[in-house]
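K.L.:
According to Swiss-Prot, the protein has these features:
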ACT_SITE  150  active site, proton donor/acceptor
BINDING   10, 392  Mg(2+) binding site
BINDING   17, 210, 211, 212, 213, 214, 285, 286, 287, 338, 339, 340, 341, 342  ATP binding site
BINDING   91  substrate binding site
SITE      182  site 'Transition state stabilizer'
SITE      243  site 'Transition state stabilizer'
């Protein structure tokens with residue numbers, strides 16, 4: 001009997017990430033990215049059984065053309081792929097309060113995703129396009145589509161964690177509250193940490209740090225999220241690649257009233273021109289800050305050090321505050337995501353801020369835990385910090401299989 005495979009779709013406003021996984025073994029058969037949708041140079045790249053390929057999709061191509069290319073041009077390279085796909089999993093950025101776990105797509109579920117568009121105006125419409133196109137291209141799997149929400153893991157937060165100190169009517173009538181993001185990643189690494197530490201999943205206490213171009217920290221007590229750094233939108237919290245994270249809200253009034261900036265200009269500044277990009281005035285790429293932190297060239301060292309120091313200081317503040325929130329035994333601090341998994345420097349500076357709590361970095365272990373490697377990075381007999389590569393696709397595949405595939 002052929003393997004039962006899951007097709008995973010992550011539709012952005014101008015891109016589509018895709019992969020095919022065996023949910024039992026975690027083996028990735030195919031992965032790829034279609035990007036630059038609606039532009040003249042829309043394109044697709046993929047890796048099939050380790051072999052890379054790429055192609056132009058055509059002027060103005062988008063989600064439909066990308067999915068059709070996958071089916072008509074990539075699948076024939078290995079006919080077992082299409083035959084093996086028995087379900088489709090979709091990553092959804094925002095599920096509002098309605099969804100606390102992954103669910104099979106129904107008309108009611110689609111309505112719920114539509115209702116949450118107000119909180120994710122770029123992402124949720126694109127996710128709905130992905131669902132619609134999947135129905136069209138794989139009609140025999142219409143009842144085998146599952147949505148996995150980035151916000152679901154954070155729905156266990158208590159009221160004191162998710163409410164803003166705003167008029168309560170804004171929450172009651174409009175749903176203005178903290179929702180968080182990266183929940184699938186925080187869920188995965190918290191479970192993996194429990195396994196590695198020999199702690200039951202419903203007992204594990206960890207602080208998980210998902211650090212990539214976007215970044216967030218979550219406090220996980222007894223296996224459940226009790227707080228997270230992102231809020232109503234993914235703008236709140238840590239310093240990120242181009243996002244400012246926490247700021248005094250009155251800065252926006254100053255930008256509007258005194259500097260004469262429009263609401264659109266302010267939004268663009270906070271979401272696309274701030275963070276590491278704003279601090280370095282060069283790039284949103286954390287590697288610039290890491291590579292030039294000790295550069296003899298002052299023009300490179302100063303912006304790199306400024307950005308890195310602010311980034312790590314703010315990260316350490318969140319970790320320290322979440323130690324207080326967890327309020328009991330802390331099993332580990334877990335680093336994941338592109339920066340969390342690969343930047344030994346970010347981890348070093350951050351943990352140096354936490355020496356009060358007994359954290360002592362092991363330099364050799366820290367340098368070893370990069371580029372796909374994992375492990376504990378602190379000295380023996382000291383509080384544990386560790387690196388665990390995330391695998392959101394595996395969570396999506398496993399949730400999809402759990403709901404759709406009968407052994």
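Indices start at 1 and increase along the chain as displayed.
Backbone N, Cα and C atoms are what each Cβ position is placed from, and that goes for glycine too.
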K.L.:
Can you name the residues of this chain that are 6 or more positions from residue 213 (ATP binding site) yet have a C-beta less than 8 Å from its C-beta?
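P.N.:
Result: 240, 241, 242, 284, 338.
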K.L.:
DSSP three-state call for residue 243 (site 'Transition state stabilizer'): helix, strand or coil?
P.N.:
coil
K.L.:
Going by DSSP, is residue 91 (substrate binding site) sitting in a helix, a strand, or coil?
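P.N.:
Its secondary structure by DSSP: strand.
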K.L.:
What span in Å does the ATP site cover, taken as the longest CA to CA distance among 17, 210, 211, 212, 213, 214, 285, 286, 287, 338, 339, 340, 341, 342?
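P.N.:
With 17, 210, 211, 212, 213, 214, 285, 286, 287, 338, 339, 340, 341, 342 as the binding residues for ATP, the largest Cα distance is 23 Å.
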K.L.:
Specify the secondary structure state of residue 10 (Mg(2+) binding site) as given by DSSP, simplified to three classes.
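P.N.:
Its secondary structure by DSSP: strand.
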K.L.:
Roughly how many Å separate the Cα of residue 17 (ATP binding site) from that of residue 10 (Mg(2+) binding site), to the nearest whole number?
P.N.:
5
K.L.:
For residue 10 (Mg(2+) binding site), which of the listed recorded positions (91, 150, 243, 285, 287, 341) have their CA atom within 10 A of its CA?
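P.N.:
So far as Cα distances go, the recorded positions lying within 10 Å of residue 10 (Mg(2+) binding site) are 91.
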K.L.:
Just how many other Cβ atoms lie inside 10 Å of the Cβ on residue 243 (site 'Transition state stabilizer')?
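P.N.:
The answer is 26.
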K.L.:
Within 10 Å of its Cβ, which one of these recorded positions (150, 285) has the largest number of other Cβ atoms?
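P.N.:
The residue with the most neighbouring Cβ atoms within 10 Å is 150.
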K.L.:
Over all shown protein chains, what is the count of other CB atoms within 10 A of the CB belonging to residue 10 (Mg(2+) binding site)?
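P.N.:
Taking every protein chain into account, the count is 23.
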K.L.:
How many other Cβ atoms sit within 10 Å of the Cβ of residue 392 (Mg(2+) binding site)?
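P.N.:
So the number of other Cβ atoms within 10 Å of residue 392 (Mg(2+) binding site) is 22.
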K.L.:
What whole-number Å value do you get for the CA-CA distance of residue 182 (site 'Transition state stabilizer') and residue 392 (Mg(2+) binding site)?
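P.N.:
Their Cα atoms are separated by 9 Å.
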